[in-house]
Structure formats: structure tokens, C-alpha cells
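Chemist: What follows is a structure written as C-alpha cells; I'll ask about it next.
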Amino acid sequence: MAKQPQPISPLKNFFAGGFGGVCLVFAGHPLDTIKVRLQTQPKPKPGESLLYAGTLDCFKKTLAKEGMRGLYKGMAAPIIGVTPMFAVCFFGFGLGKKLQQKSPEDVLTYPQLFAAGMLSGVFTTAIMAPGERIKCLLQIQAASGEVKYAGPMDCVKQLYRESGIRGIYKGTALTLMRDVPASGMYFMTYEWLKNSLTPAGKSPSELSVPSVLFAGGMAGIFNWAVAIPPDVLKSRFQTAPEGKYPNGFRDVLRELIREEGVTSLYKGFNAVMLRAFPANAACFLGFEVAMKALNWLAPNL
């Protein structure tokens, strides 16, 4: 007989999600730096080759020029931003699940899990949009060599001075387009794989570490398969000079497809997928470990 499932606690999800977020940043930040540099590298002049030939080349050049620290550039902002963001993300998922349960024993269907995941995407965008905008601006200034912002706080101050709260929240619609369907996919895939990997008669909470790592890593890959095209548009839009795209993402999409074809929507695909597996495997493992600890420390929370 499988153990009685622990009632869903959005609050525990909040703390365990935060810990999962820290694990994710440590595992994934180097490849995130490479992803943004590949996505925003300047178009070569006629006769010149691209600054970075690909993921590996960008990794080698960054390492040679800036050492290990170059790969972890701009990590303070995601650690400060990601911890609450993943906390809110897992809280949103927990809340989404709880709202759809009629009683604590209710087992949710996959469409219901997808809906709960989408709710978590709405929650995170409120925190995510400004954080992403600042991260992209800081990452490309490191690559382009001109220093406009001293750091994350200075970046916020300057954006606010230039164009108020709207400047800080530039790209929110694109962040929503990226995160809402992708979060639904993320959590649904994770729960589906966890259930598929659970031996008969066992509870998914007793899964082995390799199984959790596999389910988490694959959830990350499914999440990004949905998220990359809006992510490319968002990186472009958020780092563009003021007024370059008056009609928002429609202009970015038109320009990208006209200049570089549809495949450009999957720019940085290798860097994203290489990072998605280990980073999300680390995240869900961190989440499950923290959840076990919290259930043990505060069973009735």
C-alpha cells in the first residue's frame, strides 16, 4: 500500500523552491552567459567571421580572456533574483494544484498540472521581467566592452531615470509569452516522468536520486523547447536601443525572419539545451531534498 500523500503546502513549496533555484544557478550560470553572448553577438562585417563560431568556441574564448570568473559574470543578480523567483514559481505551482483539488487526496490530471504550472508562470513574470532585462543588459555590456552600468542597482537607477517603471518592465509581454506555456510544460513533464519512473506500489516521493535528476533534467528540456523562440525575441527586444522596435515584439519577429530566417528563432539552442538538463536536474533535486527536510521538520505546516 502506497503511503498517504502529504497534503500540498504552498508555503513549503516556497522554501524548497528557493533552495532549488540556488542549485539551478550554480549548475547553469556559465552556459547562460554563453547563451546570451551567442544570441546578441554583433552581425559580422562583410569578409569578417562571427565573433563566436558556436557554443564551444564562445566557452573557450571567454575562459581564455576572462577565466572561470568570466563564466560566472553577473551571477549575483540571478542568485538574488532566482531564489525568490523559484520560491514564487513553486509556490504558484503548489497553489495552482491546491486550488484544483476538491479534497487533499485528489490526484490531479495532467491538464490540471499543466494549468497549475501556467499559474506559476504568471507569478514569476512579475519578478522575472525586470531581473531578466537587467541581466541581459549587464551580460552584453561585458561582451561589448563599453561599461554603462556599474552593477545591477545602478542599472535599475539609470533605467528608472531614463524611462520610469516602464523602462524596468520592458519586455513583460514577451516574458509572459515565454514563461506561461513553458512553465505549464515544465511542471507537467516533471510530474509525468516522476510517475512513469515510480515502480508499482511505490510512492513518487520515494524516487531514487538518478530518477529525480533525470525527470528534472528532461522537464528543463521540454520547458525550453517551448520557450526558446519567445526568449530570442525577448533578448533582442530588451537589449535594443530605445525606440528601435515601436510595435514591440512584432517588429523584432519581422526583422529577425527577414534578416536571418526562421531558424534564427532557435539561436543559442545548443547552449540552452546543454544548460537545461544539469541546471534543472540540480533544481528539482534541491527542491525534493528541501521538501523532505521540511516535511520531517514541520510535518503539519
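Placement of Cβ uses the backbone N, Cα and C atoms for every residue, glycine included.
Keep in mind that TrEMBL annotations are predicted by a computer and have not been checked by a curator.
Straight from TrEMBL, here's the annotation block:
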type	residues	note
REPEAT	8-99	repeat 'Solcar'
REPEAT	108-196	repeat 'Solcar'
REPEAT	207-293	repeat 'Solcar'
TRANSMEM	70-93	transmembrane segment
TRANSMEM	113-131	transmembrane segment
Chemist: On the 0 to 100 scale, where does the mean pLDDT of the repeat 'Solcar' (207-293) fall?
Modeler: 90
Chemist: Let's see if you can do this one: DSSP helix, strand and coil counts over the repeat 'Solcar' (8-99), in that order.
Modeler: 72 helix, 0 strand, 20 coil
Chemist: Could you break down the residues of the repeat 'Solcar' (207-293) into DSSP helix, strand and coil, giving a count for each?
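Modeler: Helix, strand, coil within the repeat 'Solcar' (207-293): 73 helix, 0 strand, 14 coil.
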Chemist: In the repeat 'Solcar' (108-196), how many residues does DSSP assign to helix, to strand and to coil?
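Modeler: Split into helix, strand and coil, the repeat 'Solcar' (108-196) gives 77 helix, 0 strand, 12 coil.
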